[in-house]
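What follows is a set of notes on a single structure, which appears directly below.
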Amino acid sequence: MWLTTALAALATLSPTLAASFNPSTYTRYGTPAADFASTLPIGNGRLAAAIWGGAFDNITLNENSIWSGPFQDRLNLKTYEGFTESRAMLEAGNLSAANNVVLQEMVSIPSSPREYHPLGSLRLDFGHDASSVRNYTRFLDLNTGVAGVRYQVGDVVYSREYVASHPDGVLAIRLRASKDGALNVITSLERSRYVESLTAGSSKGMGTLTLKANSGQSTDPIRFTAEARVLNHGGRITTNGTAVVVTGASIVDIFFDTQTSYRYPDETKRDAVVKKQLDAAVKSGYPAVKQAATSDYQSLSGRVKLDLGSSGSAGNQPTDIRLKNYKTDPNRDPELVTLMFNFGRHSLIASSRAESSSGLPANLQGIWNQDYSPAWGGKYTVDVNLEMNYWHAQVTNLADTFEPVIDLMDKVVPHGQDVAKRMYHCDTGYILHHNTDLWGDAAPVDNGTKWTMWPMGSAWLSMNLMDQYRFTQDKTLLQKRIWPLLKSAADFYYCYLFDFEGYYTSGPSISPENAFIIPKDMSIPGKTTGIDLAPTMDNLLLHELFTAIIETCKTLDITGQDLNNAQKYISKIRPPHIGSYGQILEWRHEYEDTEPGHRHMSPILGLYPGSQMTPLVNQTLADAAKVLLDHRITSGSGSTGWSRTWTMSLYARLFDGNSVWNHTQYFLQNYPTDNLWNTDSGPGSAFQIDGNFGFAAGIAEMLLQSHAVVHLLPALPDAVPDGRVSGLVARGNFVVDMEWSKGELKFAKVESRSGGVLALRVQDGKPFTVNGEEYTGSIRTVAGKPYTIKLQ
């Protein structure tokens with residue numbers, strides 16, 4: 001056990017050493033991780049490590065295609081009959097019967113897709129007794145993506161560096177002792193389930209650990225080969241059973257890779273890829289691998305710089321201490337906000353990178369998982385969570401990380417087309433319900449009135465797809481990859497929607513994870529259901545999808561049926577309705593809420609991430625959205641970390657910077673674990689990465705918005721009167737740098753990367769100049785040219 005008195009923590013570090021950790025860009029700790037939620041997370045998009053950092057080090061390993069098994073055809077054979085019966089019952093107002101039919105005939109078998117699994121652990125035993133350790137520190141550098149551990153035993157300083165290399169496709173570790181010959185380490189790989197073989201060998205001064213395992217099925221499991229190479233500088237290397245033993249060294253380097261049958265079904269090919277990548281890393285050597293890794297990482301992390309003020313001495317504490325102090329005195333540590341913003345960007349860089357084949361996006365836990373039954377399966381939940389993972393990607397200049405989402409959608413389409421045909425008798429387009437897995441499973445998920453029947457996953461992900469184009473202006477990407485997905489999604493809805501009360505209508509459907517009390521004239525009064533026709537969220541998503549189709553047709557000069565259908569259908573989508581106390585209605589009727597403070601903000605998706613309800617588009621709907629938002633918050637919404645960060649962006653869209661900041665502080669006071677991971681309901685509850693990404697999105701949205709107009713400082717809080725940011729991106733592919741002082745814009749530079757028209761707004765509509773001339777309207781920009789904005 002690591003005792004505070006034994007470690008002396010970071011309080012014993014010299015002032016120079018403590019000062020070397022920038023409080024906005026480093027997480028650091030005075031003890032090893034006590035649990036998984038205290039580890040240091042690194043990754044290269046495919047491989048990940050969660051570093052515990054003890055004298056006996058445990059490094060939890062993940063690879064993003066190690067899941068619980070092969071594809072499953074889960075579709076219920078009764079599902080089409082259930083669909084037609086339940087829709088007819090809903091049309092007739094028989095909600096209770098429709099609810100029962102959905103749960104009896106439309107639930108998939110089994111009810112859930114595959115789950116995300118851990119790879120195993122890399123163990124490093126240094127033979128150090130915890131009581132002998134002094135001057136311990138553990139850190140993660142968010143500028144470089146490098147993690148480290150440093151401590152002293154006797155007169156020897158021991159240090160470790162951990163690097164996840166995207167260019168080389170490996171994890172790399174360097175162990176070092178300050179005294180020649182003082183480094184001894186026993187290295188092993190471990191996995192608790194479905195191990196096929198585990199071997200250790202040594203030859204020509206290099207040790208090798210090889211683990212082969214699978215997902216546990218007798219037929220067609222996911223299989224993988226994992227290998228670590230151990231190189232000693234000085235000393236001796238041998239094996240002991242399934243471990244590699246190094247004695248008397250000064251430096252030890254370890255390189256690790258794994259490949260799975262998901263990308264390489266043939267074992268010989270799979271093993272050859274692992275060997276090739278590790279051979280190359282060994283030949284290059286650790287310094288070169290580290291240099292390539294950090295250069296690649298910084299090419300992404302360094303694009304945005306944020307300064308919301310200095311924390312002074314409050315920022316010079318270990319991160320876990322800063323979190324504790326923030327609970328009682330948040331205003332002393334504004335750099336904790338910046339640190340969390342930077343951590344969100346780090347986490348996306350580490351968990352979502354383009355691959356040569358079959359990339360996979362960040363899942364519910366990003367890429368870090370130690371459990372065989374992770375919370376909610378660690379899947380891709382598409383009724384908010386996967387979308388939220390990427391809300392900040394484009395605006396914080398990380399559009400490159402979005403490609404794995406497109407890769408996954410390409411996997412979904414053939415399964416979604418099959419489900420569309422068999423479940424809905426729609427021969428065109430694809431559907432996705434509220435979860436998917438690495439195979440692109442598109443069937444209904446779970447068994448419950450608030451989850452199972454949500455046919456809008458493809459529509460919501462289409463919003464993310466279209467935003468990738470709006471931010472990057474990449475017409476080739478739009479034409480070759482995004483347009484086919486948008487078109488297929490829309491083609492399904494042209495078949496699926498039906499005319500009801502004069503509108504094209506969805507159903508049976510839900511408003512994600514919420515329910516209402518059935519009124520007396522709609523079958524069994526007093527019972528609850530989540531199933532109805534035309535929930536408000538469905539209509540908002542359909543409007544966004546058909547808008548994207550029309551916009552893409554204009555951009556790519558597409559005419560004919562695709563454009564005609566979108567224009568026809570968008571004109572008959574049910575508009576949002578306003579209820580008795582001025583709120584946006586969640587359903588087609590003003591049903592009684594079962595949970596007034598529900599965590600999902602589905603009915604006001606048109607405020608954020610959509611744009612139909614924003615103040616500059618429709619003030620009436622913006623006002624009604626605010627009424628519902630305020631009501632939910634006062635009734636207990638924001639009860640999960642991800643919901644609280646969604647709230648940040650919603651208030652930002654309402655230009656209410658002080659509310660954004662209040663929810664920013666509330667999030668930091670209540671949800672992060674010691675290593676800054678978001679949780680479901682606070683430390684000790686389930687880790688979910690979406691809240692980290694939603695946090696970064698909320699801070700960016702506070703500073704920059706870009707629906708039709710590039711809006712500078714739209715929601716600046718009073719608590720941040722001075723600051724600066726560089727490298728944010730607006731729709732239209734404009735890069736924005738800004739500085740503000742005493743609550744007003746000091747100057748901004750907007751660089752046009754693609755040319756195009758630039759419309760501008762500053763704060764609440766203040767007059768300003770562009771390149772010294774009064775701004776009177778939109779500007780036709782020149783690609784590569786900067787435009788300087790100052791208040792008049």
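Glycine residues also receive a Cβ, built from the backbone N, Cα and C atoms like all the rest.
Automated prediction, rather than curation, is the source of TrEMBL annotations.
Listed features, source TrEMBL:
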type	residues	note
SIGNAL	1-18	signal peptide
DOMAIN	29-263	domain 'Glycosyl hydrolase family 95 N-terminal'
DOMAIN	286-703	domain 'Glycosyl hydrolase family 95 catalytic'
REGION	308-329	region 'Disordered'
COMPBIAS	310-319	compositional bias 'Polar residues'
DOMAIN	705-774	domain 'Alpha fucosidase A-like C-terminal'
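Applying DSSP to the domain 'Alpha fucosidase A-like C-terminal' (705-774) sorts its residues as follows: 0 helix, 40 strand, 30 coil. Confidence for the domain 'Glycosyl hydrolase family 95 catalytic' (286-703), expressed as mean pLDDT, is 98. For the compositional bias 'Polar residues' (310-319), the DSSP counts in helix, strand and coil order read 6 helix, 0 strand, 4 coil.
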